[in-house]
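Right, one structure below, let's go through it.
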Amino acid sequence: MAKKTPGTNGKQKLFCSFCGKEQDAVKRLVAGPGVYICDECISLCNEIIAEDHEHSHEKSEVFSEIPNPVDIKSILDQYVIGQDHAKKALSVAVYNHYKRVNLKEKKSDVEIEKSNILLIGPTGSGKTLLAQTLARIIKVPFAIVDATALTEAGYVGEDVENIILKLIQNAENDIKKAEIGIIYIDEVDKIARKSDSASITRDVSGEGVQQALLKIIEGTIANVPPQGGRKHPHQEYLQVDTKNILFILGGAFVDLPNIIKSRTGVKTIGFGSEEQRIQAENKDTLMEQVIPEDLIKFGLIPEFIGRLPIVATLQELNVDMLKQIFREPKNSVLKQYTRLLELENVKLTFHEDAIDKIAELAIKRESGARGLRAIVENIMLDLMFDIPSRKDIEEVIITAEVITDRVTPTLILKKESKIA
């Protein structure tokens, strides 16, 4: 209700309903239904609204100081050994993607397309670690999903929308944060269609999934079941805009070198171990020559490849690279176990020949970098079980025989006695 009081001449005096100032004390009083507001209160309201707008603009400019490609690669170098070409491609793609997000927020006239990425490389070559590290660098939510668990709608398996749900959960249910996150879809080569010609039968975990993923990867408003599982008509959905979610897809694409070889006519000449070395080098060289037609021949549909403008290949890891991976990265297996034993006041020493054998065994198992941890977990299990309850151990020494012959690691006791 507007405030009115009797004036000296008998007329009603009007007051601002907000600050209480009389009509004579302000420049203007604007009337509404039963209320009045003065020009000063209007100015104050405008300032508050402008401040709110600035704060929301600042919030949308989360990536105004995104690290440049050189800085991104420098951080990747601390966690992933080798793979320079892939790291450069990822650094540029991620930088441009989040610059694109900022342009969207600023309502730019220039439409920059999404930089979704396809990583091609053997198991354990660092695809997942690269994607995880990128998300940490940019400080955005991250989710990993397995393409083999996905099927098209109406069949047993997960709907493709569930990959968005995992990102929302990792964003602490903040949809706005999830909408600028990164999703890594692993084993995407497993959803290749069964032949390079169109099939008249349903391929529910292959081409059907590729078709279902198209819109989500390109950018759409996805209806996500809040509890996961299959969608049904009577439930409410979370609506998520995927246009600013960066999708990184990875796979081993085991038969791809043969497809490239048949196109390029490359032949391998050599004998014994020399032949194996040449084949490994040729394989890496071949993979670098991959073109969309090769991926179509492999079983990815053209529309799907069209949503993945950046293709980066990772090299097969050799013994020297695996030894570096074992020792050098910030979170290397060696550094992690060294730190774990330091917390028990025990020194951990790996002989050089032991590291050689670990790398050779990982190569033999074809498990790549992730195989290193599995090997060390196996040899360290009994030690990690016993050491916390023992206070007499000063040092643990791992020799080559521990790896090859399963002998017990050497323990140096604080009394300087040695138990083999």
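Yeah, the Cβs are placed from backbone N, Cα and C, and that goes for glycine too.
Quick look at what Swiss-Prot lists:
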BINDING   Cys16, Cys19, Cys38, Cys41  Zn(2+) binding site
BINDING   Pro122, Thr123, Gly124, Ser125, Gly126, Lys127, Thr128, Leu129  ATP binding site
DOMAIN    3-57  domain 'ClpX-type ZB'
CA pair Cys38 (Zn(2+) binding site) / Leu129 (ATP binding site), Å rounded to integer, equals 60
Any further residue of that chain within 8 Å (Cβ to the Cβ centroid of Cys16, Cys19, Cys38, Cys41) of the recorded Zn(2+) site
Ser17, Phe18, Gly20, Lys21, Val26, Leu29, Tyr36, Ile37, Asp39, Glu40, Ile42
Compare the Cα of Cys16 (Zn(2+) binding site) against each of the binding-site residues Pro122, Thr123, Gly124, Lys127, Thr128 and report the nearest.
Thr128
Inter-residue Cα distance where the pair is Cys41 (Zn(2+) binding site) and Lys127 (ATP binding site), in Å
58
C-alpha spacing of Cys41 (Zn(2+) binding site) relative to Gly124 (ATP binding site), in angstrom
64
With a radius of 8 angstroms around the mean position of the C-beta atoms of Pro122, Thr123, Gly124, Ser125, Gly126, Lys127, Thr128, Leu129, what other residues of the same chain does the ATP site pick up?
Gly121, Gly250, Leu314, Gly368, Ala369, Arg370
Out of the binding-site residues Pro122, Thr123, Ser125, Thr128, give me the one sitting nearest to Cys19 (Zn(2+) binding site) by CA distance.
Thr128
By a simple count of other Cβ atoms within 10 Å, which of Cys16, Cys38, Leu129, the binding-site residues in the record, is least packed?
Leu129
Would you mind checking how many other C-beta atoms are within 10 angstroms of the C-beta on Ser125 (ATP binding site)?
26
Residue pair Thr128 (ATP binding site), Cys41 (Zn(2+) binding site) - Cα distance, angstrom, rounded:
56
Round to a whole number and give the Cα-to-Cα distance in Å for the pair Thr123 (ATP binding site) and Cys41 (Zn(2+) binding site).
65
